[in-house]
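K.L.:
So that we are looking at the same thing, I have put the structure below in structure tokens.
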Amino acid sequence: MKSSREVALNAIYDIENNGLYSNLGVNKHLRDSNLKDMDRGFCTELIYGVTENKYFLNYVINSFSKIKAKKLSPHVRNILQMGIYQILFLDSTKDFAAVNESVNLSKKYCKKASGFVNGVLRNVVRKQTEIKYPDKNEDIVKYLSIKYSYEEWIIKNWINKFGQDFTEELVEENNEKPDLYIRTNELKISRDDLIKKLEEQGVECEAVKLVKEAIKVKGLKNIENNELFKRGYYQIQDISSMIIGHVINPSEDDNILDVCSAPGGKTTHLATLMKNTGKVVARDIFDHKLNLIKENTKRLGLNNVDIQKFDATKYDQESLEKFDAVLVDAPCSGFGIIRRKPEIKYKKKKDLEGIPEIQKTILQNSSKYVKKGGLLIYSTCTIEDRENINIVNEFLKLNDDYKLEPIENINVDLENQEDGYIKLYPNIHGMDGFFIAKLRRMR
Ligand SMILES: C[S@@+](CC[C@H](N)C(=O)[O-])C[C@H]1O[C@@H](n2cnc3c(N)ncnc32)[C@H](O)[C@@H]1O
């Protein structure tokens, strides 16, 4: 059986070298392991901790090794990153255990380098108090990009847009562990009763004021095997995403289209708010993701969801003016959910350049499917204007039959919601960074 450190190493390797998202890496590698709850916790901490602090850990490797982190073979680099993370960040791990276990892993995965791993890590243990960040006053971009592990272009961009203080708060918050929220499935159980049942399992619960079905939970482990989850009493979802369901505020018997819907978080919320009446057509382009919508819908006991494979960048004549509301929860850069997917910090600028064009095309096509008088909602989990308000403003220039409508039934971004959109930031609102715009088709 693999140890928690070995499972973590395999996951980190997969995330770094095969482009797997960290949350999927954690799920996949934990599912295939036989680790106990406590070891699963340690393993998860290692995977997220190393992914979140990758550039800083490489900076430390570069300070102690003649061979730069970039030039090391992936296994050697990942074992060193894990070892350094334990030495510098984890009070619960003794330094000698971090070194010995790393050497043992290198004997299995990169035998020739085990002496090198031993040497570097012993040096880090001995000289850990001497490690210094780049000088903050001399180069703030470099300082923040090393301390919080970011591509420099992202920090530069945020300082330009938000200023230095806001950027520092944002990157600090993005390295925090996010709170976990669940959405009560009110078709099966009330929020109060669910809280009682979860508390009987030892889970700490807090009813969230802002969203009537939301519960903040602590100590909910191994969720997929939790009996209450399997019975469909709740869905994991951040508050920002739940807000979208309430911005749309659907009526029973509505006909709604969700053009980018997998894994079905917002689709299932809308279908629940409609009390299993009407219809939510849930589309996406990836088969494996469509299967997730199917699983969630079945578990939650919803029979008003119609799942369809369709590419939203293509125009669908059959959907013309057919829907009371259309949700475009567009693919985006994801800069609002760095706390959950820390690998987003390492995205290259050029890899994101084409995204606004796709968003524009999807929004333009989707606008044609809204009935006269109906709603078009545009949302992303990013904090970049070029993917958010700029897309909406350009859309409005081309489509004078639409206008932004004040968002009234939820109070979360008082600065903007009167004007028809909501901007959420982790460091201000304590939830995922999100953008939501509410557009009404006038004619
Ligand atoms: C932000 S996620 C959607 C999250 C989802 N609304 C939820 O609440 O669970 C964006 C989704 O868009 C899908 N997607 C990307 N390009 C697409 C396209 N051209 N057509 C349809 N879906 C697309 C992705 O597969 C992804 O599932």
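Every residue gets a Cβ built from N, Cα and C, even glycine.
TrEMBL does not curate its annotations; it predicts them automatically.
What TrEMBL shows for this protein is this:
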type     : residues                                                                       : note
ACT_SITE : Cys381                                                                         : active site, nucleophile
BINDING  : Cys260, Ser261, Ala262, Pro263, Gly264, Gly265, Lys266, Asp284, Asp311, Asp329 : S-adenosyl-L-methionine binding site
DOMAIN   : 170-442                                                                        : domain 'SAM-dependent MTase RsmB/NOP-type'
K.L.:
Mind computing the max CA-CA distance among Cys260, Ser261, Ala262, Pro263, Gly264, Gly265, Lys266, Asp284, Asp311, Asp329, which the record assigns to S-adenosyl-L-methionine binding, rounded to whole Å?
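P.N.:
The two farthest binding residues have Cα atoms 19 Å apart.
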K.L.:
Pick out which of the recorded positions Cys260, Ala262, Cys381 has the most other Cβ atoms within 10 Å of its own Cβ.
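P.N.:
Of the recorded positions Cys260, Ala262, Cys381, the highest Cβ count within 10 Å belongs to Cys381.
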K.L.:
Report the same-chain neighbours of Lys266 (S-adenosyl-L-methionine binding site): residues 6+ apart in sequence with Cβ closer than 8 Å to its Cβ, ordered by sequence.
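P.N.:
For Lys266 (S-adenosyl-L-methionine binding site), the qualifying residues are Ser241, Ile244, Gly245, Asp258, Leu327, Asp329.
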K.L.:
Within the chain of Asp311 (S-adenosyl-L-methionine binding site), which residues six or more apart in sequence place their C-beta under 8 angstroms from its C-beta?
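P.N.:
Same-chain residues close to Asp311 (S-adenosyl-L-methionine binding site) (Cβ under 8 Å, separated by 6 or more) are Ile285.
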K.L.:
Check the domain 'SAM-dependent MTase RsmB/NOP-type' (170-442) for me and report the mean pLDDT.
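P.N.:
Taking every residue in the domain 'SAM-dependent MTase RsmB/NOP-type' (170-442) and averaging pLDDT yields 97.
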K.L.:
Would you kindly give the Cα-Cα distance separating the residue listed as 'active site, nucleophile' and Gly264 (S-adenosyl-L-methionine binding site), rounded to the nearest Å?
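P.N.:
With distance taken Cα to Cα, the residue listed as 'active site, nucleophile' is 15 Å from Gly264 (S-adenosyl-L-methionine binding site).
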